[in-house]
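Trainee: Not my notes, these are from Swiss-Prot:
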type	residues	note
ACT_SITE	173	active site, thioimidate intermediate
BINDING	202-225	NADP(+) binding site
């Protein structure tokens with residue numbers, strides 16, 4: 001098995017077949033919806049809130065609302081009242097089952113539910129998937145997070161419609177330091193490894209530092225990428241604003257941090273300050289344009305044409321050119 005990450009892989013261009021990069025289609029289908037780009041902001045308290053989710057849905061972007069200090073039932077009701085799709089996160093404990101029951105009692109069925117726990121290859125996830133499939137058979141279930149092909153196979157067999165791959169590669173995640181486990185440092189290899197056995201969409205979660213990493217994720221089998229730090233720190237971001245030496249920052253912290261938990265127990269995340277980057281809409285437009293450019297370099301016109309390109313590994317024992325692997 002090759003071990004590599006985003007910073008030591010480059011994709012090889014093919015003959016361009018478009019007159020303008022704007023001809024390239026960066027959209028992707030997930031469930032019953034098609035979204036403008038294969039990017040979803042991380043479902044974290046300092047990345048998304050209800051107003052951001054409304055804006056994302058109105059503008060054909062995918063979102064997953066976080067599950068912390070939130071009335072999921074009211075959120076789904078609000079989104080449906082606006083005529084928008086509803087995408088929520090659940091854990092695997094009794095209050096999460098209660099949320100499902102409350103939604104059903106009101107006749108509310110979200111379009112997407114992400115079962116979101118740190119170690120998603122677990123019987124508790126299997127049980128929640130089974131409950132959702134029984135009670136809400138039409139909902140699109142995303143489950144995670146996982147790091148191995150065995151986990152992907154199990155989650156798909158249990159009924160997940162998509163799998164979230166990535167344990168601890170994110171900027172504010174310290175799982176690998178606290179536990180010795182995870183995909184930090186080899187996240188892109190994990191995506192490739194998992195995608196080879198997947199029959200349903202893979203969402204690559206974490207470790208994305210540059211816009212070009214989106215194309216690399218697609219090349220190695222992801223359908224979509226989940227991004228935290230690059231989509232935190234915007235003017236609209238819900239993170240607390242902090243001024244340091246006359247420069248404005250927004251706080252950004254991991255879901256398993258003590259800042260999010262409210263206590264120092266089983267902590268696997270940290271808090272950092274992100275420089276304010278401007279408007280979220282501008283960043284998403286730039287991402288779309290960069291993905292269009294990636295598609296043009298791939299010699300294609302559609303997003304999945306990126307999967308046809310060759311690549312090179314920079315440095316290490318695996319250095320060299322790799323042809324359609």
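Cβ atoms are placed via backbone N, Cα and C, with glycine included.
For each listed feature, how buried is it and what is near it?
Mentor: Classification of residue 173 (active site, thioimidate intermediate) by DSSP places it within a strand.
Neighbour density for residue 214 (NADP(+) binding site): within 10 A of its CB lie 28 other CB atoms from the protein chains shown.
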Trainee: Which is it, of 217, 223: the one of these binding-site residues whose Cβ has the most other Cβ atoms within 10 Å?
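Mentor: That would be 217, with the highest Cβ count within 10 Å.
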Trainee: Calculate the distance in Å between the alpha carbons (Cα) of residue 211 (NADP(+) binding site) and residue 173 (active site, thioimidate intermediate), and round it to a whole number.
Mentor: 20
Trainee: Among all the protein chains here, how many other CB atoms are within 10 A of the CB of residue 202 (NADP(+) binding site)?
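Mentor: Other Cβ atoms found within 10 Å: 27.
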Trainee: Around the C-beta of residue 220 (NADP(+) binding site), how many further C-beta atoms are within 10 angstroms, looking at every protein chain?
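Mentor: There are 26 of them.
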